[in-house]
Structures are given as C-alpha cells and as structure tokens.
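Asker: Right, I'll just put the structure down here and ask away after.
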Amino acid sequence: MKQEVSGARPQKGNPFVSFLWVILIVLFLNWLIFPNLMNRQIRATDYSTFVEKMDAGAIKEVMVKSGQIYFTVLENGEELTYQTGEIEDPQLVDRLLKAKSPNANGKITFSEIVPEENSPVLNFILMWILPGLLFYIIWKQASRSIQARMGAGGNFMSFGNGGAKIYADSEIKTTFADVAGQNEAKEMLKEIVDFLHNPKKYTDIGASLPKGALLVGPPGTGKTLIARAVAGEAKVPFFAISGSEFVQMFVGMGAAKVRDLFRQANEKAPCIIFIDEIDAIGKRRDSGLGGNDEREQTLNQLLTEMDGFDGRKGVVILAATNRPENLDKALLRPGRFDRRIQMELPDLEGRKAILNVHLKRVKHEEVDIDVVARATAGTSGAELANIVNEAALRAVRMGRNKINTADLEESVETVIAGAQKKGKVVSAEEKRIIAYHEIGHALVAAMQTHSAPVHKITIIPRTSGALGYTMQVESGEQVLMNKDDLFNRIVTLTGGRTAEEVICHIVTTGASNDIEQATKLARAMVTRYGMSDKYDMMGLETVNNAYLGGDTSLTCSAETAANIDLEVLDIIKKAHEKARCLIQENIQVMHEAATFLLEKETITGEEFMHILHSVRQEK
Ligand code: ADP
Ligand code: MG
Ligand code: ZN
C-alpha cells in the first residue's frame, strides 16, 4: 500500500532563499539612494595627490559629498575616479575655478551633493517594515519546518521541541535484502510487514497483531538497519526517534513529545514508530536512588500511549536496545513490547552473507570470502562493514581500483589488532624474543588436538600496542566448548611466555595480554561453567551486561572467592606446565621457525606446518 504523506515531509522553501530575497531588496534600496557611485570603480588616495593632479590640470570633474571628495582624472586617455577626505580649505573653490582641465571648456566641473534627507516614507520602510518583515519571514520558516517535522497538525506546544527528528520518512530504500543473515529476526518481522500490507486479513479473524516488537542484541548487529528495512518493505511512513531525544532539559517536554508522536502516528496509520536505544527512557523505575523525574514521566506517558491506541489500526512500534535486562518490566508485558526479537552476532554463514552484501557495494576482484569469514569469528555486522571499507581504502592507497583478498586480510588484522606500525624501533634482541614468543603460541597450538589451526604469525608491531601476534582461524563453527577445548586454549595462551623462559631464559612484559585472557578463561571455567571438581555445578558469578562487554559480579562468600583464586591458579599452572613440555620436546622446530620468522617478519600457517613436519621427520 502506498501512503501519501504530503504534510509530513520537510518543505523545500527554506530560510536561505528568503534570506537571499532580503539581501536583494536591501541592495536595491541602496542603489536608489546612491545611484551614480555604485557603478564606478573608486580608488582611495590622499589630499596631496588631489592637489597635485589639480595643479597638473588633469582633473575633469570634482564632486563633494558627505565629507568626501570624489574626483575624476584623465590619465593616459583613461578616466579614473579617486576618493579622498575633505580638508578645511577655504581656497579650494578659488583653486578649482583657476585650475586647468582637459574638459572642452578648459574648466573643472565641480559640485557638492548635500545628502538628501530620505523621504519619511522611505525612512519608515527601512526602520520599521523591513526588520518586521525579516523577523516575520524567519519565524514563518522556523515554525513551518518544525511543523513539517511534527506532522501537518503541529501545535504551538511543539514549537519548543526544536531539534527533534520526528518526521515520517515515507521513502525508505532499505529492504530485507540489505540485511544479511538474521533469518529468524526477518521471519518474525515479515509477519509485521504483511500485517501492514493487508490488515484486513488479520482483523477479519479478530486478531490484533503485537503492538510492539523489541529488537535486542549486541551493538552493531543491525537492529537499526532491520527496523528501517521493515519500513522499506512495508512502504509505510517511518517515525524514527532515539530514546535520548525524549529526555530533554525542560521537565514535561519528553512526555509531550511522546503524546505528539503517537497522535501523529495515529493520523498516519498504517505506519511504524521506531524508538532506538529505548533503554535511555525505559530504564527500570526502581533502579537507584533519586530517579530522574523527567525520564519517569516520559516512560509513564509511553506506557499510557501504548495501552491507549488501537492495535488494529496499523501502528507498529519497534524499539531497539542492547541492555534488555535494564528495561522496566511494565514495558515488556503483553500488550506492549510483547515480541522480543533477538539479533545475535553472526555465525560463519551469516558473516559470509554480510561480507557479500557489503562487497556488492564496492569494486572487487574474485575474493576468498571464506577465509575472511573464518578469521572474523565474534565480530559484528558493523565491524564486517568496516572491514570491507578499510579494504577499499587500502586498495586506493595501493593505487588499485579493485579490492583483492590481500586487502581484506590486511583490514581484518587492522580491525582486530590495529594498523601496522612500521616505524617503531625494536632492537634485534627484542625482535628475537618476540619471534620466539609468537612461535611459542603457534607451536603449542599446533601440537594440541582440538585447537584452531594457525593461520598466520607476524612480528610487525601494531598501533594497538601488540608487538606481534599469532592468528588462529577456526576451521568450522563451534557451538559448544568442552573442558578440554578451554584448557587447550589456556595452554596456547601460556605458550608465548613459556617460549621466552625456555629459550631466552627471560620473562618480559610482552605476555600481559595473554595472562589477562588466560585468567579470564580459567576463572569462567570455575565460576560459570562448572568445570572445577571442588565447586561442581555451583554458579559463583553472574554476567551483568551480556551484550556490552559482559562484566561479571561474584555471588559467593569472601571465603569462597579466595578459594576460587586458588582453583584458577591451579588450572593456569597446569596449563603452563603442559606448554613447557610441548616446547621442550620441539626445541628444534622453535629455532627453525623463529629464524624464518625473523627473516620474513610474517609466516603463513602452511609455511609453519611445513617447517614443523620436516623437522619432525628428520628425527
Ligand atoms: P545496531 O543498531 O544493532 O547497533 P546498526 O543497525 O546500526 O547496528 O548496524 C550498523 C551497520 O552495520 C549497518 O549500517 C550495516 O552497514 C552493518 N550491518 C550490521 N548488521 C548487518 C547485517 N546483518 N547485514 C548487513 N549489514 C549489517
Ligand atoms: Mg542502533
Ligand atoms: Zn602472546
């Protein structure tokens, strides 16, 4: 169904054009008052030049006007007009009369123009009508554009709400084709699209569709994108507003805006209201002391409006958040946001699809999407979009006009580890330690079963501070991780430091990130995954913000907390010991691979495996 929203689009007659008109009028009036000086080029000069020219008999015409002398000189057959300040000079008239001139009668024509008093009518226009007109035009434009934003029937109340972006957009080009993966979410939203297309089908049977759907998921998974796609597919007006826009400085405005929004939506039905980042207003009301009055009023108004409108009319409310656990329970009860649509980080297939969508928008050669998708486990759609863009930028930098696989791989590394930092000075000894450290990770990973294959090792410093890194790429998608997998991962993380110890007999700060990650993993094994013998299946930690970083808080006694530390230490010690064994058994591989890496700075997984196998066969 096509929807006309004539009053709802911002009008084109803008303040700039009327401003131009005002300038034109002023220029015209100016020309009326100073007619003949406007169209001559006038040069400033000093009084002595004036006198000199007069004595030389070069002046044709002199005109005195409001304390300025304008005189026209014939120079090399050309008439030039000069301007100079008038000086108290009683003999000026005498001199002018006596002076010679190139004029036909040999005399200078001279005159004084007494500035004419403007006629009272003109004065009145300039002083009163013009400024009034100016203000009227500005006011008219401002109120018109705000009305356009607020919808055709904008009332005076809405005047104070400037800056809000509530206008119905009826020409959204985004469709479901732009949203890759997320098939479950699309499936659920298709029903809403269908409802907006054929409400009759649903109302005939007496059904009323969910009034609202809440999109939840980590940042960058396409929540905002898919909401736009729903509007694009349904071809209905789309009222988009961000939660924070409701909360304004003046108490009561947020609630007024909610009222306004729903009133307009009702007029434009069928349509979609989209409230992005709804947690800004929808936060639980009991949380914290001294709640924010303004926010609560706005939330209450929102709850009231959602109850108040008729679900069969065709107004669908979508909202997005990445903190669903903070939302007020009242918002989530049936009849309000009763549908919850989960947007997850994309899996392998999803990542391929997203890369394909974004690659379609850039020029590229045949690229190996599979490798890129496998190397980017855990990244969001927004990051993948960024990777494609970085690759395009790199291609331009390299003077090519198409993206190739190398661009994509490099930009994956840029997004994950930061840009290359070639200028950083690293001494030969440090380089050697870094090389052994990275080979240590790679070797330990390669010697264990159930460990992701090594894809690449490099010792080029990165802007993120990494001095080198070992990139492992999962061969497939793993849904469940078992205890051995996790332990092996910790062993791999300890591999770098172990290599420093075993070969260079030194410990460095280079392992700090490994230590952090290993500890986090070991801790999660004990407190959340029930993988320690001592605590069996007891949950000792809860995750607070699943979609934003996932920080945790302990839910056990202080005594248990101390014991957890011991358990964690135990796991890490075992892992460290295992890594030491693996490295000591393969010292020869370590040396050969490190030599190769020091020479080339980068070594691929295949090259590494080749070294590994040839050394082991020799034995
Ligand atoms: P969110 O609102 O969930 O934080 P956005 O919808 O703003 O994320 O996504 C940001 C950008 O990431 C989008 O504009 C799009 O380019 C890209 N993106 C995210 N998810 C997808 C997806 N599933 N398919 C295609 N592009 C995506
Ligand atoms: Mg968003
Ligand atoms: Zn390391």
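Even glycines carry a Cβ here, placed using N, Cα and C.
Quantities reported herein were computed from a predicted structural model and do not represent experimental measurements.
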Asker: Pick the one from D347, D368, D514 that TrEMBL also lists for the Zn(2+) site with H437, H441.
Answerer: D514
Asker: Could you pull the average pLDDT for the domain 'AAA+ ATPase' (209-347)?
Answerer: 82
Asker: If you measure H441 (Zn(2+) binding site) to T224 (ATP binding site) at Cα, how many Å is it?
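Answerer: The Cα atom of H441 (Zn(2+) binding site) is 39 Å away from the Cα atom of T224 (ATP binding site).
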Asker: With the Cβ under 6 Å from ligand 1 as the test, give me the qualifying entries from the binding-site residues G220, T221, H437, H441, D514.
Answerer: G220, T221
Asker: Which residue counts does DSSP yield for the domain 'AAA+ ATPase' (209-347) in the helix, strand and coil classes, in that order?
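Answerer: Per-class counts: 59 helix, 31 strand, 49 coil.
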Asker: Running a distance check here. Ligand 2 versus the recorded positions K223, H437, E438: which have CB less than 6 Å from one of its atoms?
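Answerer: Near ligand 2, sequence order: K223.
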Asker: Give the subset of the binding-site residues P218, T221, T224, D514 lying near ligand 3, defined as CB under 6 A from any of its atoms.
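Answerer: By the Cβ criterion, which requires under 6 Å to ligand 3, the hits are D514.
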Asker: Residues other than G217, P218, P219, G220, T221, G222, K223, T224 within 8 Å, Cβ to Cβ centroid, of the ATP site?
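Answerer: Filtered neighbour residues, in order: A320, N322, M343, S380, G381, A382.
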Asker: For the binding-site residues G217, P218, P219, G220, which one has the sparsest Cβ surroundings, going by other Cβ atoms within 10 Å?
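Answerer: Checked G217, P218, P219, G220; of these binding-site residues, fewest Cβ neighbours within 10 Å: P219.
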Asker: Any idea which of the binding-site residues T221, T224 has the thinnest Cβ neighbourhood at 10 Å?
Answerer: T224
